[in-house]
Ligand code: C5P
């Protein structure tokens, strides 16, 4: 018996930093979507709990007890499972690789053992992005990451994800913020009829971590400029605390052409085209 679960890339289409709590964590307001690309976790029943890591992005990721996938498995009380993580998403890159892996492991164990998913609070203990990844669907994320509001699916569009291969530590980006009390998104989000209406809304919103991340890693600015200059790109923005940025396109052809051109011009970057993960 082998079971598998996709750990899709998490994209923050917006990421507003609206305050800071006494414990140092920041209050966020973020429109989160999930992509079709991601890591894959497989499990097979075997005595003991183990993890092996494969895939193009496996290098540099330890499979020791502190790996988020093993921590998630232990949180679910799993004991006799051989887990494999196929790592396709770059590490520490703002698209939730580790958090989505942890959440996928929680889903996988819940499915195999016939148990329920942990509470948002328990998921939050694994990382601030784990609650939103628990059920990968278009969501509004607030609080420090634990207040999740599911939203209706968005109109179809395509994304180019581009990462300049620099790792920016999340705490460093938050520490570098000059302004921690920024406006949230509108209290109630509109229903977007088509991609153009969504893009117009997004253009008025922000990622409040972007400027700080660009200060730390100027390569991010280069990625944003390059994405923004591709034909058909409606918006280029950073996801999470970076360094992965996304370009948004109404046309799949434009997105695929942009990805080909960016990859040819910057062979060292990680570049993929992806659609949105389908959900109800
Ligand atoms: O929870 P997680 O380990 O993913 O968070 C990584 C770091 O990001 C935290 O230690 C904190 O410095 C910062 N962070 C924050 N506010 C959030 C989420 C993360 O300040 N809402």
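Heads up, the Cβ atoms here are built off N, Cα and C, so glycines get one too.
There are 28 other CB atoms within 10 A of the CB of residue 10 (active site), with all protein chains counted. Residues or ranges marked as active site by TrEMBL: 10 (among others).
Among the features that TrEMBL reports, active site is placed at 129 (among others). The C-beta environment of residue 129 (active site), restricted to residues of the same chain at least 6 apart in sequence and closer than 8 Å, consists of 10, 96, 99, 100, 145, 240. The secondary structure of residue 129 (active site), as reduced to three states from DSSP, is coil rather than helix or strand.
Positions annotated as ATP binding site by TrEMBL: 90, 91, 92, 93, 94, 95, 96, 97, 98, 99, 100. Residues within less than 8 Å, Cβ to Cβ, of residue 94 (ATP binding site) and separated from it by at least 6 positions along the same chain comprise 12, 168, 238, 239, 240, 241, 242, 243, 244.
The domain 'GHMP kinase N-terminal' annotation in TrEMBL covers 67-122. Taken together, the residues in the domain 'GHMP kinase N-terminal' (67-122) have a mean pLDDT of 96 on the 0 to 100 scale.
Per TrEMBL, the feature domain 'GHMP kinase C-terminal' maps to 195-265.
Just so you know, of the binding-site residues 92, 100, the Cβ with the fewest other Cβ atoms around it within 10 Å is the one at 92. Summary for the binding-site residues 90, 96: the Cβ-based neighbour count within 10 Å is maximal at 96. DSSP assigns residue 94 (ATP binding site) to coil in the three-state reduction, placing it in neither a helix nor a strand.
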